[in-house]
Amino acid sequence: MPHQESESQAQAESSNEQLERLPFPPIPYSHILHCSYHHWQPRYRTITPKSRLIPLTDPFVSYLRADGIVLPPENTSPQDEDDLDTFSDDGADEEPDPSVEWQDIHSQIKSTISEFGGKVTPKLNWSAPKDAVWMSATNDLQCRTPNDIYLLLKSSDFVTHDLEHPFDDCVPDTTETTESSDAQPEIPYHLVLRKYVNFNPALEFRCFVRNRVLLCMCQRDQNHFDFLFGLRDTLRSRIQAFFDEHLKDSFPDPNFVFDMYIPAPYQRVWLVDINPWAPRTDPLLFSWLEILHMRDPIGIQEADDDAPEQFVRLSLNGDNLTILDVGGNEGSDSGSESEAEAEGDAEDDDDSPFLPEFRLIKRDDPEAYAFTTPQYSAHKLPREVVDASLTGPGGMSEFLGKWQEILAKQEQEDTESEDGR
């Protein structure tokens, strides 16, 4: 009996695991590399915001991976050994300058900031350190000094994922030889510095492409913007035309996700990012299960091809044309008009363009007005604090009460240990 129970439990766990696993096709290593900024940006340079790519050396990547945050001194001026001996303080415990091993990168960053007017936004190959903006004085990605950049990069879990887990849940490319197929490819890490532009978050959109078909799109910001509903058709046509002209046939993979920005007056479209067709990419207002099961024009055409073949038999009597049979049933004068109308409607449906779904947050959607919950809040505080805040004032009060009990108990233990000395 116990054996049967454990066996049924194992089957249930296996079934749950299969339900939770999304039906993604295998994600090859090459797809992740194709979505790296350094790979696609040179091809689409004219349609992307102004940016500079700085190749990163191994010492700099090691600096990003290292525990702790040690920043270079803000201003370093060369000094002679005599000066150092004269003004050195033997008692001072100064941190070593980490930029000594990557001075060239440090200099390139400073010159790029100056070139772009004193303000840039950083990202690594795939991710921007958006989860670390709480460390910034401006509470955004705006950086004015190299140290602003280093602080964001070293504080970001997103950047850590780029460094440590870029090929999670991926498979080797089938074109590679068996000898080297299991080895993960080397990643040429780059620091991307974009000229800082104060984007209107309401006009940033995420678009999903499957089999080189623009399947659906949605707004990126999790707030309701009433004016977007009046612009939906205009924005959709702009995005579709942009995709058809620039991305449909030029990106190496048939499945991918791209982000774009369409500033007023909604004539120019900017490509902001390209993301993997993978669970790691946030589907935002959709779910991945929903996207993976959507039908696109290719799928609809295949379904129509399986339908029974229909035909029309015609009788030619001089100049008169008589319909004798449509789809195997004889047509009459009374029925021919409705059939012709039906056929006309069907032709209209076939000729009508496929419109990708454009999802916006409505006024009464639960997601609306997400400014009450800060984005990436789980990266800022202990999870217990975040979870307690989501349950409302009661949950937070309960958490604070428990926290005070823990502190009081800790103080009592400290007092008792001191008295026992």
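All positions are counted from 1 along the displayed chain.
The backbone N, Cα and C atoms fix where each Cβ goes, glycine too.
Annotated region 'Disordered' per Swiss-Prot: 1-23, 70-101, 324-356, in sequence order. Among the features that Swiss-Prot reports, compositional bias 'Low complexity' is placed at 7-17. Swiss-Prot lists 79-98, 336-352 with the feature compositional bias 'Acidic residues'. The ATP binding site annotation in Swiss-Prot covers Lys123, Trp126, Ala128, Lys130, Arg194, Lys195, Glu204, Arg206, Arg220, Asp259, Asp273, Asn275. Look at Swiss-Prot and you will find Asp273, Asn275 tagged as Mg(2+) binding site, backed by similarity to another entry.
Sequence features, as recorded in Swiss-Prot, placed on the structure.
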residue: Lys123; record: ATP binding site; DSSP (3 states): strand
residue: Ala128; record: ATP binding site; DSSP (3 states): coil
residue: Arg194; record: ATP binding site; DSSP (3 states): strand
residue: Glu204; record: ATP binding site; DSSP (3 states): strand
residue: Arg220; record: ATP binding site; DSSP (3 states): coil
residue: Asp273; record: ATP binding site; DSSP (3 states): strand
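Across the fold, the C-alpha of Ala128 (ATP binding site) and the C-alpha of Asn275 (Mg(2+) binding site) stand 12 Å from each other. A simple way to gauge crowding: the CB of Asp273 (ATP binding site) has 20 other CB atoms within 10 angstroms, across all the protein chains here.
Arg194 (ATP binding site) sits 18 Å from Asn275 (Mg(2+) binding site), taking the CA atoms of both as reference points. For the pair Lys123 (ATP binding site) and Asn275 (Mg(2+) binding site), the C-alpha distance works out to 13 angstrom. Between the CA atoms of Glu204 (ATP binding site) and Asn275 (Mg(2+) binding site) there is a gap of 14 Å.
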